[in-house]
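S.K.: Pasting a structure here, questions to come.
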Amino acid sequence: MDDSDEDQRLPHHKNPKEYVSLDHLAALGVISWSLDADNYETDEELKKIREDRGYSYMDFCQVCPEKLPNYEEKIKNFFEEHLHTDEEIRYCVAGSGYFDVRDRDEKWIRVWVKKGGMIVLPAGIYHRFTLDTDNYIKAMRLFVGDPIWTPFNRPHDHLDARKAYVENIVQKGSNNEAVDATA
């Protein structure tokens, strides 16, 4: 992702463009699936993911000026760099948006999540969210147990979730040339 201060909803590609593989994201602990958003109520693959990963709670969030109370304030909060002490799981059933995550070198990687895309950000990863220029996303939010969505704005390196992320993902991966070669 480039370092421009232009509208956060733009793609912000580097010039020339650089793409990151799903394997590279997985090495950072970010996993994803492409699912059938038109049939999420009966999707067996979604059901299996939820069972396998223990996602027992589900609700929906619509992010757009017309549907989200205090939209301007919330979209600014979402775009503030933060982490969570639990996974952040979002399944885009309509619209699209960007999740930005930090790589091992502290550079931003922009992940465009579109209809049918499900993304899991690991506990302790610094990230942020914004809409794209379509200004709309409807996302299924999934949680293990009761919904807890507490953002800890950077810096919160002292939290156990961050320490575990750094130890298990950042430090292990930085010692693995095969992982770094996929960037």
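The backbone N, Cα and C atoms fix where each Cβ goes, and this holds for glycine too.
All annotation found in TrEMBL is predicted automatically rather than curated by experts.
These came from TrEMBL, pasted as-is:
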- His82, His84, Glu88, His127: Ni(2+) binding site (BINDING)
- His82, His84, Glu88, His127: Fe(2+) binding site (BINDING)
S.K.: Cβ-Cβ under 8 Å from Glu88 (Ni(2+) binding site), same chain, 6 or more residues apart: which ones?
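M.R.: Long-range Cβ contacts: Val120, Leu121, His127, Trp149.
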S.K.: For the Ni(2+) site (His82, His84, Glu88, His127), what does the 8 A shell look like? I mean other same-chain residues with CB within 8 A of the CB centroid.
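M.R.: My list of surrounding residues reads Leu83, Leu121, Ile125, Tyr126, Arg128, Pro151.
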S.K.: Going along the chain, which residues six or more apart from His84 (Ni(2+) binding site) have their CB under 8 A from its CB?
M.R.: Leu121, Ala123, Gly124, Ile148, Trp149, Thr150, Pro151, Phe152, Ala161
S.K.: Taking the Cβ of His127 (Ni(2+) binding site) as centre, how many other Cβ atoms lie within 10 Å?
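M.R.: The answer is 23 other Cβ atoms.
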